[in-house]
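K.L.:
Sharing a structure with you now.
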Amino acid sequence: GGEGNLTWRPVGDISGRSVHLDTIVWPGGDLVVAGLSSRAKSVFRIVTALAPPFVMEGELDEDGQCLRGVPCHRVLTSDKDNLTLVFNEMDTQERLNDEEHDDPEDDDGTEARAEDVDSRRFTFLEKIPATGMFELPNQPQKYKYRTNCCYGLTMDLLENVAQELEFDFHLYVVSDGAFGTRTRTENGTEWNGIVGDLVSGAAHMAFAAFSVSSARSEVIDYSVPYFFSGVSFLAAPTQKSEVPLLAFLLPFSPELWIAIFTSLNITAMAVAVYEWLSPFGLNPWGRQRSKNFSIASALWVMWGLLCGHLVAFKAPKSWPNKFLINVWGGFSVIFVASYTANIAALIAGLFFHNAVGNYHDRSLLSQRVGAPRASAADYYVHKANKHLWEHMQR
């Protein structure tokens, strides 16, 4: 109609952190046809996950370039529409920077400003070489992103495939760092990680150390495998530590050792006093005999019983001392048995290590076991040994 009959037409909606536009996303990820004239190749969003040596991450150089590998972005969102807007912002900013370098001055001889070229369509924030921030129009949520360099076997393969098939790509690292597994939610089950981005359409392809599984094959398609591997154990190396000189004291705590030796000396003093005061002892008061039971004799008896009666000693003659010596002897038997068991376990722990044979070995439940989160190995353990998988989640 005429100028007086203008009406509002919905073009999309913003709900929380999600933006949904009722428009065409043209090849190359642009929202306007102008993107077709500047880019002849198709552009795909490709997701990856770090898994050395297939995918590794490094820093940009001083000029903001990758000396090895390809640029990859860390974006704090996995929503399809939000990723589209973020990468559109990156492309537009790069085009404006290229125009600045090609024509730094306009016709009037004044310096052109990138913010004035197309400020009606985008809200720009200054972007440093390694990090940036994209603010959606009419939405307070800001999506930060960081640009790094990804390199490795998989990244070399991606560059070769892109060159042969003549396409460009936006590479980003999956936000949660997972490869993909089913998770239970209030609405049922959904996929996370790389598989979740592929299922939702946030990513067109995935290039990573991505294992094939029957569950993943139900929702996504795989290419021909470029690397064959298996699932195996990776055990920590045996730690060779020096045995300390006082290792024989390790079975008991210092407090227990102090209590034992204090009790030994107190008991020895009591035995000597009983033997001295008793009329039937070896050295009764006022009477001298050929054999005397002194404090040294009492200590020798206590040490002999504590060490397993390995030496000969004078046995006291008084009845109170006989009872006290028997009580100390019973304690000595318990002490020797406990010390022997603890020192044997300590030696076994220092010099022997459990060898695990398979996933059903019960000794795994007493060790620290882990697998990459939401990976094929984690999925395999979940199916093969439920108890081991529950132990790994603790």
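In case you wondered, yes, glycine gets a Cβ from its N, Cα and C as well.
Heads up, here are the entries from TrEMBL:
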COMPBIAS  99-109  compositional bias 'Acidic residues'
DOMAIN    140-200  domain 'Ionotropic glutamate receptor L-glutamate and glycine-binding'
DOMAIN    142-391  domain 'Ionotropic glutamate receptor C-terminal'
SITE      Arg182  site 'Interaction with the cone snail toxin Con-ikot-ikot'
TRANSMEM  256-277  transmembrane segment
TRANSMEM  298-315  transmembrane segment
TRANSMEM  327-352  transmembrane segment
K.L.:
Counting only residues 6 or more past its boundaries, what in the same chain has a CB within less than 8 Å of a CB in the transmembrane segment (327-352)?
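P.N.:
Same-chain contacts beyond the ends: 241, 243, 247-248, 250-252, 260, 267, 302, 305-309.
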K.L.:
For the domain 'Ionotropic glutamate receptor L-glutamate and glycine-binding' (140-200), would you mind checking the mean pLDDT of the predicted model?
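P.N.:
Average per-residue pLDDT within the domain 'Ionotropic glutamate receptor L-glutamate and glycine-binding' (140-200): 85.
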K.L.:
Measure the Cβ-based neighbour count of Arg182 (site 'Interaction with the cone snail toxin Con-ikot-ikot'), defined as the other Cβ atoms within 10 Å of its Cβ.
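P.N.:
Arg182 (site 'Interaction with the cone snail toxin Con-ikot-ikot') is surrounded by 17 other Cβ atoms within 10 Å.
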K.L.:
Per DSSP, what is the helix/strand/coil residue tally across the domain 'Ionotropic glutamate receptor L-glutamate and glycine-binding' (140-200)?
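P.N.:
The breakdown for the domain 'Ionotropic glutamate receptor L-glutamate and glycine-binding' (140-200) reads 21 helix, 25 strand, 15 coil.
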